[in-house]
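Listed in TrEMBL for this protein:
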TRANSMEM  179-197  transmembrane segment
TRANSMEM  204-224  transmembrane segment
TRANSMEM  236-255  transmembrane segment
TRANSMEM  284-301  transmembrane segment
TRANSMEM  313-336  transmembrane segment
TRANSMEM  380-398  transmembrane segment
TRANSMEM  525-544  transmembrane segment
DOMAIN    544-681  domain 'SSD'
TRANSMEM  551-578  transmembrane segment
TRANSMEM  584-603  transmembrane segment
TRANSMEM  624-646  transmembrane segment
TRANSMEM  652-671  transmembrane segment
Amino acid sequence: MSEAPPVSSYRNRILAGLIILLWLSVAALGGPRFGDIGDVATNDQSSFLPESAESTVVSERLGDFQDSRSAPAIVVVTSDTDGGRVNADSLGDIPAQIAAAVDRGTDTSGTEVSPAIPSEDGQAAQIVVVPPESAASADAVEVLRAQMGSLLPEGLQAQVTGPAGFSADLAEAFSGIDGVLLLVAVASVLVILVFVYRSPFLPLIVLLSSMVALCAAVLVNVALARSGAVMINGQIQGILFILVIGAATDYGLLYTARFREELGRHADSWTATAAAIRGTWRPVLASAATVIAGLLCLLFSDLASNAGLGPVAAVGIAAAFFTSLTFIPAVLGLAGRKAFWPKVPRCTEQDLDTKTEISTESRNIWWRIADVVERAPRRIAAGVGLLLVAGCAGLVALDANGVPTSDYVIGDSDARDGQTTLDTHFPAGTGAPTYILVPQKYSETVGDAVARLDGVQSLGSGDESDHPVVDGQVLLEVTLVDSPYSDAAEDTVREIRDAVGDYGAKVGGTTATELDTKETAVSDLNVIIPVVLLVITAMLALLLRAVVAPLVLLVSTVLSFGTALGIGAAVFVLVGFNGSDPSVPLYAFVFLVALAIDYNIFLMTRVREESMVHGTPAGVRRGLVSTGGVITSAGIVLAATFAALLVVPIQFLVQLAIIISVGVLIDTFLVRSFLVPAVTQILGDRIWWPWHFAATSPRDRQPERQ
């Protein structure tokens, strides 16, 4: 073949060295920030709601009526024998000891502790603990759980629950995100890459690129969070880690596959590097841009936790894109063919771009799959389509109306157990009251209306002499009959709002915050999904310069999402999950449509490239054969990285891991391998409408079979 003259090897080595040094410097700066991302994260539900939400308005005003705005912790004291009695008088000095212990343990002063409140059945007592600073709530719970055993008289035991207790359990569950989660994800990817490459060096190079990208993403996002530009919580943190590792590895796989291909065409590794970059940057850029566009649609969300994920994850995808097309090419350019040892690619001295036949070496399983699709495209399309539709049947089991805070953590939860004990011996609404902010002149009217509701256990007096008046408003405290984390309590809050809305009253508190969060999440779901569909359709139309092809890809991807969600819903029922948060299908949709469509982008850009030379029927075959192995590997890697979320004992993340992992595998093995190629074969050149092209010769437009 006619080999292009190699570019200056010395100049390229210097440039590659500088690129590697630059990225390693970024990694050195970003690595120490892994701990900081947890410091800037918040898991307070009320901080995610829009300012216009009733519960947010009440939360902002609580400090005007109460000495502390900290979430209370409730210590529930019971006998260590079933049915044993608890003598509240014997706990007389315990509150003072608790206050002293919390002040010492949190390095604060002024902890408010109520007297021991006995239950009517005499089998329990509760003590309400309110730290002086909201930042000290988690530390206060830790102190209480560590020291209550030594503070109580013999024969008694304690559990710590209440809003502060649940927040502490949630924080503890998220504590393994930057350790265990990252380790599991990296280990899973390493095993897959070793199997794919069968080389000791390439997996390490690709993984190093992923970690460099993650360091860069963490560095930028910590700065954004500290400036107040984005809000990060534990869920966003975990998703960021997984997303960057998965995307960077996928992009790295695509580049290394093309680099190996170019090494077979060019004797000089730098010439092969330039050719690999030219052949890779467009589909990878299209993929990254599509994912980023889909993620940024989350900015339309009213929930800060959803809106924050958009730019945070977009930064991660951008980092993955740049490292994959700069860091990996620089490292592989320096290493050359040795990076692929022991299976080193050799230059064939034949320009494969001029070949009209696919080499015998390429006639692997993907050749056979392409042959099956080409021979019976209608049967393949119908069969796969029916299979996917059947999987959607599980959607009837989907309950995405939200889950109570008490069910967020999977496994042991002291707060959940304590709440159960509290509900057994006290009015269930104790410890997490509902607040009503009402104009002073309507306080008695509102109080009377609320007291008549069946779901209300007790109500602080509406008499203004019993409550301070601040800016013409009074704060009423309501204890509900049902647990503050139950659906029944949320129904009562709705009834309260209906009863007092005409008087300018606002209803807040723990239950109201949960209700507002769920309703806002449902609203986000209805708004964002259509926006994502429109944006990604437009991106695909620009990329493929067609109308029909983008619609085919979008419909197939949405169908695979429905199948994954249906299978996930069935699994949730089998394992006993109590419903799903409305954000679960939203996140799953955004990620599956944006990420899974990547593989169809990689496939169809190659099919389009081949079809311009060989015609659509042969282009489908050549595109499927040339991309099948690397895209399948990329899909398995992405599914494995999201499956790593299963190690985090948070129901939201576990459900997301199941849906996305299943969805990626469905898209990889069914949609991209069979459905899309089959539909493309059926439509032929019409798939590219309204753009038309002709192959270079009639011979090239014939199917390639042997």
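Just so it is clear, glycine is given a Cβ too, placed from its N, Cα and C backbone atoms.
Counting Cβ pairs closer than 8 Å to the transmembrane segment (652-671), the top stretch among 179-197, 236-255, 380-398, 551-578 is 551-578. The stretches the transmembrane segment (525-544) and the transmembrane segment (313-336) are not in mutual contact, being linked by fewer than three Cβ pairs under 8 Å (pairs 6 or more apart in sequence). The transmembrane segment (624-646) is not in contact with the transmembrane segment (313-336), judged by fewer than 3 CB-CB distances under 8 Å for residue pairs 6 or more apart in sequence. Most Cβ pairs under 8 Å to the transmembrane segment (284-301), among the stretches 179-197, 236-255, 380-398, 551-578, belong to 236-255. Below 8 A, the CB atoms of the transmembrane segment (236-255) and the transmembrane segment (551-578) form no more than two pairs separated by six or more positions in the chain, fewer than 3 in all. Counting only same-chain residues 6+ beyond the ends of the transmembrane segment (380-398), those with a CB under 8 A from a CB of the stretch are 372-373, 559-560, 562-570, 572-573, 580, 585, 666, 670-671, 674-675, 678-679, 682. Panel annotation: around the transmembrane segment (551-578), residues 385, 388-389, 391-399, 403-404, 407, 533, 536-537, 540, 585, 588-589, 592-593, 596-597, 600-601, 604, 651, 655, 658-660, 662-663, 666-667, 670-671, 675-676, 679-680, 683, 687 of the same chain, lying at least six beyond its termini, place a Cβ under 8 Å from a Cβ of the stretch.
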